[in-house]
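Data first, discussion second: the structure below is written as C-alpha cells.
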Amino acid sequence: MTQALLGGLVSGTIYALLGLGIVLVFGVARFVNLAQGEFYVYGALLATTLVAAGLPVWAAALVAVAGVAVLAAALERLVFSRLADAPHASQLLGGIGVALAMAGAARLIWGTDERSLPELVPGPPLELFGARVGTQMLVLFAALALLCLALWLLLHRSLLGMAMRAVAALSGRAGILGVPVRGVTTAAFAVAGAAGAVAGVVVTPLVFVSYQSGLLLTVFGFIAAAFGGLRSVRGAVAGGLLLGVLEAMTAYFLDSALRTPIALSLLVVVLVYRARREGAGGSPFGARAPRPSERAELPAVAVPSLLVRLRSRRAAGIGVALVVVFALAGPALLPPYWVAVWSFIGVFVVVGIGLDLLLGYTGQLSLGQTTFTGVSAYLVALSVQWWDVGAGVAVLVAIGGTALLALLLGALVLRLRGYYFTLATLAIAIAAEALVNGLPGLLGGPSGVGVSTTLSLFGFALDTQDRLFAATWIVVALSLLVALRMVRSRFGTGMRAVGHDEQLAAAAAVGPFRVRLAVFVASSVLAAVAGVLYAHLLLFVSPPVLGFSAGFDSVVGVLLGGFGTVWGALVGIPIVRLLPELGEDVARYQLLIYGLAVVLLVLAMRGGVVGAVRAVAGRLAARISGPAAVVVPATAAEVVPTGPARVRDVAEAPALRAEGLSRRFGGLVALDGVDVAVRPGRIVGLIGPNGAGKSTCLSLLAGSLGADTGTVALGDADVTRLPADARAGLGMTRTFQLPRLPADLTVLEVATLGAYRLGRTGPLRGLLTPTAAERAGMRRAGRDALELTGIAHLADAPAGTLSTGQQKMLELARALAGAPRVLLADEPAGGLYGDEVARLGAVLRRVAGRGVAVVLVEHEMDLVMEVCDEIVVLSQGRVIGSGTPADVRGNQEVLDAYLGV
Ligand code: ADP
Ligand code: MG
C-alpha cells in the first residue's frame, strides 16, 4: 500500500512537472501548448546524446535544459506568436502540428529506440515508512519542489515575473503599461521549455523515453493543469499529485486496467462541474465573447457571388456523381491491394465529413471522433459474439448504440467549450482505449475481437472486397449528400451562427446547446456508419482505433482538405492515408511531413485545399461576371410571414412586461428592482448615464443574462425561466451595443440569420423534406429587413467590411428580419452621423407602426425625444423618473442626474 502510494506520488510528480509548463504558457499567453511534452522528450534525448558524447550527467542535463529553452523561445517566435489571435481550434491544431513535427524530427535524429539516462544521484534505495525509495525518486520530488520555488520567485520576486503577471491579467493591453508583451511571451515559452526539459532529465532515469512519448505526456500534463484550473501553479501541482495518487489507488484497490479510465472520467466530471458552477460568464469554461480576430474563423472562405454558388451547387452534384462512378468502377480499375487501401480511405472520409460538420461549422474540435468508429465496430463484433444475432441486428445495435452513447456523452461534455471540450474528447479516447486494453476477458483486450458476419444490402451479400469497396464509396456519396443538405438548410445557418458566436446565435433564436448536441450526434452517427464498414473490411477490431492517434489522423486529414467545406475530408483523408503507402523512406519522414503541413496550413491556408480552389474560382467568376445580385424567387415569399399584422391599439395589454428586475455583479448592484412595460406599437426609451444599467436591463429582458430577481412576460407567456434563444423564438429580438457580426458572412447572410425563427425545419426534417422554399422565404425576410434599414445595396459585402454606422444598421436589420413582436435596441445610433440618425428614427417609427413594441436604449437625446412615446430614466440601477418626453424634460432630478451633464 505504501509502495503503491509512493508509485502514485512519483507519477503524480511527473504529471505536475509537465503541468507547470502548460500553466505558465496558458497563464501568460492564454495558449494551450500541446507541444509541451516534446520539450520533455527533447530535454531527455538531448541529454542522452550528450552523456554518450562523454559529458557528465549533470552537465549534460544543464546543457539540454538550456538548449530546449532556446528551442521553445524560437518556436514561439516562429509559430506560436502568429497564432496568438487565432480561434482556439487553430491554436490547438498549430500546437499539434508543432508536436508532430518535433516528434518526426526526433525520430530522424534519435531513431525509434527507447532510451534512458543514468541516475543523477546514484546510490542505494532508502527504506522509508516500509517502502523502498530510490534516490532518483527523491531527485524527482526535489526537482518539483525546486521548480515550484523557482517559478514562485520568478513570478513574485522578479521584474520579468511582474511583467508576466501583467500580461496574464491584461492580455493584449499590458502594452499600455510599457510592458514588452512579445518579449514577455517569448520568455514564458522559454521558461516553460526549460521546465519541460527539467522534467525530462529527472524522469528519464526512471522511465524510458522515445520520440513518440511526447503527446501522451502533454495530455497528462494538461490534465494535471486542468484539474487545478489551468492558471494556477499550485493547482497544477495539486492536480498532478492527485491524478497520480488516484491512479495508484484505483490500481491497488480495484484493477490496474481501470486506472486511466477512472482518472480520466473523473477529470471530465470535474471539468463539467466547474463549468456549471462558473456559469457562462467570462470564465475560461464558459462561452466568452470572441475577440474580433476570432471571427475570422478557421473554415469557410466566403464566396460572395451567386454565380459561384450556383456553379458550386452544380459542381456538388458532379462531385457526388463522380464518387458514385468511383464506387462502381473502382474495383474494375484498381488492383486488389489498392481496392483494400481505398476502401479504408472511404471509411475515414465518412468520419472526416462528420468531423467537418463539428469543427468546420460549429467550431468544436473533437479528437475522439474515431472513438465512435471504434465503439461501433466493437458493437458489431461483440453483439454477434454475445447474442448470436444476424448482421442486420448487429448493425442496428452498433449505430443505435453509438448514437445513444454520443447523446449521453454529448449532454455532458458539450457543457464545455473550446480547449476544455477538446480535452474531454481526448480524455474519452484515451480512456476508451485503455479500458478495452485492460479487459481481455470481456472485450478481447489488446488482441481485439474478430468479426464473423457478412453485411448484405437488399439481399445482396457484401462478401467480397470489391463489393465492400463499392458499398463504402456509395456510403461516402450519401454522407456527402447528407452533409451538404444539412449545411445548406435552415439548420445549417444555425450551425454556422453557433460556430461564430453563441450569443449572436441565441439572439437569433438558435439554441446553441441543442445545435451543438445535434451536430455532435450526427457526426457520431457518421462515425458509427464508418465503424460498421471498418469492422467488415478488417474482419477484426482492436483497441488502437478507439484511441486518440486515429482521431488525430482524421483531424489532420480534414485540415489538409479544408474545414467548413464538406469536401475537405474527400480531398485530405486520402493524402494522409496514402502517405505511408509511399514506402519505408517516406514512412520515416511521415510525422515530420504531417507536422510541418499542419503548421503551414494553420498559419497560411486556413481554408485548406478546397478553400484555396474555391477562392480562386470565386475570384475568376467575379472577374467574368462582376458581382451578381442574389435573386430570390418571388413565389417563395409566402412561406414566411414577412411582418406582423398591422395592429395599433393603444389600450392593448403590454407585449412586454418586466417587474422587479435586479442583477448584481459581485458587490456591484447593476440593476435594482426595475419595472418595464411596453405595449404593441409603442417605443419606450431607456436612458441614463454610462454604467446606469441600461445594457444590463436589456440583457435581462432578452435572457442573455440571468436575473437575480424579477419576472419577464412576453404577451401572456411568462418567459422568466426561458433562455435567450427561446425568448427570441417567441418574438423578442435584440441588437447588441457592440455589434456581433461574423466578419466573413455577407450582409445578407447575417440578416437572413435573423429570420431563423420564422422557419420550421430542424436537422432531421431538413434532410428529409424539400426546404428550398423555406430558405428562400428566410432570405426574402432578410432582404426586406435590409431594405427597411437602407443597406440593401450592401447585401453581398462581407459583414466585416462595413463602417460602424452600417454595422449598427445591420444589427438592427438582423433583429428585424425575425419579424419580432418586441424589439430591444441597444444604442442603435452609436456611430451614426447626420442623416443616418434621422433615418434610424424613421425606421424605428415604421417598425412601431407595424405593431412592434420597442425598447430603445439611446444616448442620442434628440432621437429619443423625437421617437419615444415614453421614457424611463435609470441611474445607478434604479428608475429615477419616467413619463412622456415632455415630463422627463421637466423633471429636475432627471436633469440633475443626467441631462445636465
Ligand atoms: P450602461 O449600458 O447603462 O452603460 P451597463 O448595464 O453596461 O450600463 O453596466 C451597469 C454596471 O454594471 C456598470 O457598472 C458595469 O461596469 C457593470 N457591469 C456590466 N456588465 C458586467 C459584467 N458582465 N460583469 C461585471 N460588471 C458588469
Ligand atoms: Mg450600455
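Each Cβ is built from the backbone N, Cα and C atoms, and glycine gets one as well.
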Per TrEMBL, the range holding transmembrane segment, considering 35-53, 92-110: 92-110
215-233, 614-632 - the range that TrEMBL marks as transmembrane segment: 215-233
Winner by Cβ pairs under 8 Å against the transmembrane segment (554-579), considering only 12-32, 253-273, 393-414, 468-487: 468-487
Distal contacts, the transmembrane segment (468-487) - CB-CB under 8 A, six or more residues away: 316, 319-320, 323-324, 326-328, 330-331, 339-340, 342-343, 346-347, 349-350, 353-354, 356-357, 361, 455, 457, 462, 495-496, 522, 526, 529-530, 533, 536-537, 566-567, 570, 763, 766-767
For the transmembrane segment (12-32), distant same-chain residues with Cβ under 8 A (at least six beyond the ends): 39-40, 80, 83-84, 88, 91-92, 95, 140-141, 143-144, 147-148, 151, 164, 167-168, 171, 184-185, 188-189, 191-193, 195-196, 198-199, 202-203, 207, 217-218, 220-225, 228, 230-233, 235-237, 239-245, 419
Surrounding residues of the transmembrane segment (92-110) on its own chain - C-beta under 8 Å, 6+ positions past either end: 31-35, 37-38, 41-42, 45, 48-49, 75, 79-80, 83, 86, 210-212, 214-215, 218, 365, 419, 422, 552, 555-556, 559, 588-599, 601-603
Long-range neighbours of the transmembrane segment (187-208), counting only residues six or more past its ends (CB under 8 A): 10, 14, 17-18, 20-22, 24-25, 27-29, 33, 36-48, 60-61, 64-73, 75-76, 80, 114-120, 134, 136-137, 139-140, 143, 147, 151, 154, 160, 164, 167
